Every structure is written in structure tokens, then in C-alpha cells.
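Single-structure report; data block below.
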Amino acid sequence: MERKRFIDCDSTKILQELALNPLDLTAPGVLSAERIKKFSLLGGGFTFSFATERLDDAILAALISLAEERGLHESMLAMQQGQVVNYIEGFPSEMRPALHTATRAWVTDSSFTGEAEDIAVRSRVEAQRLKDFLTKVRSQFTTIVQIGIGGSELGPKALYRALRAYCPTDKHVHFISNIDPDNGAEVLDTIDCAKALVVVVSKSGTTIETAVNEAFFADYFAKKGLSFKDHFIAVTCEGSPMDDTGKYLEVFHLWESIGGRFSSTSMVGGVVLGFAYGFEVFLQLLQGASAMDQIALQPNARENLPMLSALISIWNRNFLGYPTEAVIPYSSGLEFFPAHLQQCCMESNGKSIVQDGRRVGFSTSPVIWGEPGTNGQHSFFQCLHQGTDIIPVEFIGFEKSQKGEDISFQGTTSSQKLFANMIAQAIALACGSENTNPNKNFDGNRPSSVLVSSQLNPYSLGELLSYYENKIVFQGFCWGINSFDQEGVSLGKALANRVLELLEGADASNFPEAASLLTLFNIKFR
């Protein structure tokens, strides 16, 4: 059945009308116990409160109707079953499924067929290979260095950091992404190369930043008299230039249908997490992620946490007109998580055409950013409360700390103070505070949602990762865009190569704009 475009949906028109007079969160009694209970949802181990969003029953009903008109449930089911979702009609495009969910489907009773089943089976095989590899070599190394960029660094780095306080380990972990040689040199200054394992991650096997950093490390190891094959392993697609067991100590695989920003539950994240914390920790992460994938298949948005959250974000973006969204985790372990979400959301949904090749005619991805609380309260929260731009916030919190070490100070523990601050911020943003002194007046009506679980551990981290991945995909399905390619990245790479040609002696007339900029900055290129 052919569906109406997002901009043409009946529900879109209703929501546009409702947006003219959204719920006033500052009105007396709005945040009642009844509303707080009603505007909440349980999803796996998480409780989601959206009582502090500017929506009511009518708006929520229209958003759910929008999900039905746009076929969000059917689209998610099609994606998880392996149908082609990465495409642009009538134009050359990747024409692939997006099967990151299959990389963890094998840990549950998920039953799929075709390519989804194939990727799930292959993922199980790779996981067993990883388990065997770690059993054999993990004790020989004290350090792992992961070389990769984009999804080969941001997701794995965020997950590793998130579990550092929960999972004791004697292993040291470093990530190298930037082509800036100082990035690699700083790490090499701190490690014992003889006890270091280097995992080189590139889906294509040709990523220039990764190749340069690999060469940088290989040269350093060689000067130390260390064999490349004894210390370097690869994670890449089957058949890529890096798929060479004659060169590497071991090669682990992912597949073309696994997008980089969605690849953390493949070997892209598995190798480093398994080395750092043990294979069982990685397995628990997969179990949590797969459980949330099942929730994402619920047809009713009121029972589907990532779908409902996606709809609320669309309400804020497309109908209330807010161009940015902050993700504020009240957990030090999640300090790198907003950066991962920034890539996952903005690279997926920062698109200006729908899948039939036409211009969208509406706003797509908001700018995603964030830092942990309470630190953020002492830096940018001033802007959230009294700035001229309204910035929706998604708070993430946990009932107890990871390590369980705490102190009672002035009648409450540190964990209680952390949680109290998060709740207070959501209420303050929503309700504001009137004051005759204009400098102390807070208008309120600044929307937020709050996502809470009992503790940040491998399983809940997997749930959280999957929640955001599925939320982002649901947004793309609703807008009708392709969330699984990244042509903007490709353009930048192509132009960078042309600049490099100038530095190698090419005629300046081949790229006069770049030549002029190089001249301005006194960069010699002839």
C-alpha cells in the first residue's frame, strides 16, 4: 500500500493545528500525579516519563495516528526481517538492507528468514570465534588500541566508557581516530607495545584516516622490533583489502548491511569490549539490545518505547519548531554517549530528500548534543532555562551507582543528590518561576523527558543503545528519508583528495578555491 508523504498526512495537518496552542506546562496543577502516571511508559528495564513535554491527549492521539499513517510498525518489521531499506528510488544508491539488529538477534529466540537469518547466523559464528580468540590470547596482552573513525570509534568508545566503573578490569584501552598524528603519538608514549594488541577497524578496508594511523602504529612497532602479525588484528567486511589472515593475527568480519554508526553490537564493538571486560559482558550487552529490538516491534506506539520517543521528538522538531535537542545523562559513565548519538542521529537523519528523490519540504534531524549532569548545570543549563532558543532535553538517570560506593552528606547520599538534581531540572524547565525581577524570571514551557533504569550495567546499556538506534530509525521512517547512507561524508572525502593532489604538486587551476585558501594560510603546495 502506498503511503502518504509525511507532509501530506492527515495527522500532520491535525498536529499543525494543535501546535498553535500546545499544552501550557506552567498552568497551575498541570504536573499532577495523574498526568505524571498517565504520561509514562515502561520499556524493558526503563521507565520513560514524558509528562514534562508540551503535549496532551489530543496531541498524543494525533502522533499515534501519524505513526499508523506512515506505517512505522510495518517499516521496522521490514527492516528487521532484512528487506531493502537503504535506497533512493530512481537514482543510484546502495540498495541494501540495514541489519544491525541481526547482529544481536541470535542471543534471543528471534525468528527471521532470508538475509536477516543469514546475518544472525554469521554473527553467532563471529561471536564464537571472538570467544575462542580471547580465551587464547587475552592473557598475553595488557592493552588494546582500537584504530577506527566514525562508527568504528564513537560507539565502541562510548560503550567501553559506560562500563568502566561497573566491570573491574586490569586491561588498558585506547582509541585512535583522528588523522592528526598527535592523537596516535600520545597513546604510543603511554603503552608498552610488547604487551599491546592493536585492532584496526574499517568496514571498507580503505578508510584513509584508519589506514594512515595503522601505518603510523606499524612503523612504530617495527622500530621496536615487534612483528606486525603478532600484534595487529582487523575488523572489516569479507573480501575487503584488510581481509587478510596472512597479514593479521586474526580477522573478524562484519557485512555491508551493517552501517558503521549502527555497528557497535557487531565485532566493531565486540572485540574491544570482550578484551576489556570479558566475552560474557559483551554477551549481556547483546541480550539487552535484542530485548529492546523486540519492544521496537510492538505495533502500538503506547507500548513501544523507541517509537513513542521518536514521535515526541518529531512533535518538538516539526510542529513546535525546535532545531536542537540535548541528551543529558546523569551518569559519568555516559560521558561519551551523547557524541555517539550525535553521529547516529545526525548522520542518519540529516537528509534533505525523501526516498523518492524529492526535496523533503520540512525539517529533519535536530542538532544533537549533550554532556553529563550535574556538570552541565554549571555550564550550559543557563541557556536551557533562560536563553532565547527553546531546547528540548532528554534526561537519562539511574537509581543507583555502578560501583555502589557512596557517602551520606547533609542527610542524603551522592546518588540521591544526583537523581534529585535531574528531576528538579525537568520540573524547572517545564514550570519555570515567576519573579518581578526580570533577571530572575523563568518562563518555563521548556520541554523535556526523563528515562530511568535501576543501574547502568551491560544489559541496561544494551537496552539503551538499541532504544536510541530504533528511535532514530523510526524518525527516518516517519519522515520517509533514507537513514542508512551518508553521502555528505563521501563528498568531503572526495574534495579532501583533490586538496591532497595540490599538495602533491597538481596544477592550482584544477582546484582554485582550495589553492587560494592554502595560499592564505601559508601552506606550500607547489
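Cβ atoms here come from the backbone N, Cα and C positions, even for glycine.
Going by Swiss-Prot, these are the annotated features:
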ACT_SITE  E347  active site, proton donor
ACT_SITE  H378  active site
ACT_SITE  K493  active site
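Known features from Swiss-Prot, placed on the structure.
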{"residue": "E347", "record": "active site, proton donor", "Cβ contacts under 8 Å, 6 or more apart": "G150, R261, Q486, G488, V489"}
{"residue": "H378", "record": "active site", "Cβ contacts under 8 Å, 6 or more apart": "none"}
{"residue": "K493", "record": "active site", "Cβ contacts under 8 Å, 6 or more apart": "I208"}
